[in-house]
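Structure, as structure tokens:
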Amino acid sequence: MIPRWQPASIALLLHLDTLRCHHVSVRPPRATMTSLSIKEEDIPRLDGKVVVISGGASGIGLAAANIFARAGAKIFLFDRNPPDSGEAPENSTFIKADVTSWAELKAAFAQAGHVDIAVANAGVSEEQPYFEDTFDEQGELKEPGFAVVDVNFKGTVMFTKLAVSYMRKQGKGGSVVITASATGYAPEQNLPVYSAIKSGLVGLVRSLRSTLPRFDISINAVAPAATITKLLPMDIAGPLMAAGLPVSSAHMVGLAVVYSAVARQPRMVETYGKENMLDLESKWNGRTILTLGEHYTELEEKLADLRPVWFGWRNTDLTKKQQATADFR
């Protein structure tokens, strides 16, 4: 269940009262983020549902696959390498696919045949300090590698495009979940490009959350902070834990992924364009769940509610009017 919202701070309410005195029409933003309690027993049965997961052979993707499978879903694991022996659920199929290859992704989706839930999870970290100078044999500045861009952004966009295309053609709706990162909200200075791309994935969710529901398709993200996977093995996570800093298990993040695909919401994150019904019960959509240690926090609703504060009241009003003018739905 989503908890009751806490009241806004006194200072914020006074600010809103001042604006009302100047005849500015506002809806009071709610000032606190939303903590979530997610348990595997709350996940509904998914018998007959088909789930495709990129980067599904290990880490967060594999953890989500096992949870989906225990709920009765049929799983297709897209990855460059198969899962370790005995780790994949029985009702799963491994499909070799490189998410940077459109041809391989198309073939993987075609082999799956039907898609109800799609999890864009494949990702890599930065291979070297991106903005440090490295030189070739002639002493010239070397072109940097773009694996982190190709896998994390291009691969996610292509995977999402294929998933949405299949869901539209099927005419039965569906759910897309993207593995973003806490660095998309709180960048790491030693991972500048990775952080920027993860911020871009959150932006992709924001950009699509008003258009996909017309096809009964939802799109959400999960933003893991430090999580024990191949990208953050235990020998690196150990010192963080020893210092008392929160570290999540892959299972905990995987549970947030599954929840994002099946949950309901009592209201939209925000309205767009000509929309005027915010308090509309519907599929969980346009949201990001931060996983930090053993805690879950939904981030997007509060950011949207507080938009007039950080974006500016006049800017928010004019931008909304621009969106409505260009909204031809």
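Including glycine, each Cβ sits where the backbone N, Cα and C put it.
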Of the candidates Asn121, Asn276, Asn285, Asn315, the one that Swiss-Prot places in the NADP(+) site of Ser58, Ile60, Asn81, Asp98, Lys161, Tyr194, Lys198, Thr229:
Asn121
Hey, how far is Ser58 (NADP(+) binding site) from Asn91 (N-linked glycosylation site), Cα to Cα, in Å?
16
For the transmembrane segment (238-258), distant same-chain residues with Cβ under 8 A (at least six beyond the ends):
38-40, 43, 59-68, 71, 119, 121, 177, 179, 222, 224-229, 232, 289, 291-296
Largest tally of Cβ atoms lying within 10 Å of a Cβ, found at which of the recorded positions Ser58, Asn81, Asn91, Asn121, Thr229:
Asn121
